[in-house]
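Summarising the annotation, Swiss-Prot assigns ATP binding site to Asp14, Ala15, Gly16, Lys17, Thr18, Leu19, Asp56, Glu117, Gly118, Ala119, Gly120, Pro206, Arg207, Leu208. According to Swiss-Prot, the feature Mg(2+) binding site maps to Thr18, Asp56, Glu117, an assignment based on sequence analysis. Per Swiss-Prot, the feature active site maps to Lys39.
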Amino acid sequence: MSKKAFFITGTDTDAGKTLVATGLLAAARLRGLSTLGLKPVAAGCTRTEQGLRNSDALALQAQSTLPVVYEQVNPVALEAAIAPHIAALQEKRSLSADRLAGFCRSSLRQADFTLVEGAGGWRVPLNPSETLANLAQLLRLPVVLVVGMRLGCINHALLTVEAIRNDGLPLVGWVANVLDADMPVLEENIASLAQRIPAPCLGVVPRLSMASADAASAHLDLTPLLDA
């Protein structure tokens, strides 16, 4: 099997990108594949004795079978839990898609199965002229969309799908991640998305009482990605 790499985006902040990404990495590991998860830029990092650390990036590192240091997983760590471009301005740092792509490129072909997780949604700014979509374009990665299932998600999902396709990247799969267990007509919403999104649904992750990569992996189908 050739090495596979994908860009993980979501309909919004807290859509469940990291839960799904770590679930997919766990599923790949169970198939005997080497894995690597990357989070090129992360805001909302905590100061530790080792430096700034982000919980999402640490989760991706934990599901990576390759022995990578934290800085390889998350090369740009920002402290404030706000939009990355604003956090960078506050820290007097600059973000660019080209620089972030450079961090990723050296790692993309190291593992059998690599995921690059964005921050927030598809159009999150990096600077006045670039967004995270530009990073995905530079890396030329097929995209997996995580849809946070709550009221309003159909519009968010379809607009994101449209943006991904307009940016010239293939959408190779999507995941319904249930954020609101009491969401009215949940199944009908998922069916509406499946009818309208031109990519396979990789699974429906329910609201988990104990959210973990292994628990999420039980609800995900890796086959469409390995066949992509």
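Backbone N, Cα and C define each Cβ position, glycine as well.
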Using Cα positions only, nearest of the recorded positions to Glu117 (Mg(2+) binding site) (Asp14, Gly16, Thr18, Lys39, Asp56) = Lys39
Least buried of the binding-site residues Asp14, Glu117, going by other Cβ atoms within 10 Å?
-> Asp14
Counting every protein chain present, what is the number of Cβ atoms, excluding its own, within 10 Å of the Cβ of Gly120 (ATP binding site)?
-> 20
Counting every protein chain present, what is the number of Cβ atoms, excluding its own, within 10 Å of the Cβ of the residue listed as 'active site'?
-> 27
Can you grab the distance from Asp14 (ATP binding site) over to the residue listed as 'active site'? Cα atoms, rounded to a whole Å.
-> 15
Spatial separation of Lys39 (active site) from Gly16 (ATP binding site) - C-alpha basis, Å | 14
Residues lining the Mg(2+) site besides Thr18, Asp56, Glu117 (CB within 8 A of their CB center) are Ile8, Lys17, Ala21, Thr22, Gly37, Lys39, Ala42, Ala57, Ala59, Leu60
The residue listed as 'active site' to Asp56 (ATP binding site) - Cα separation in whole Å = 8
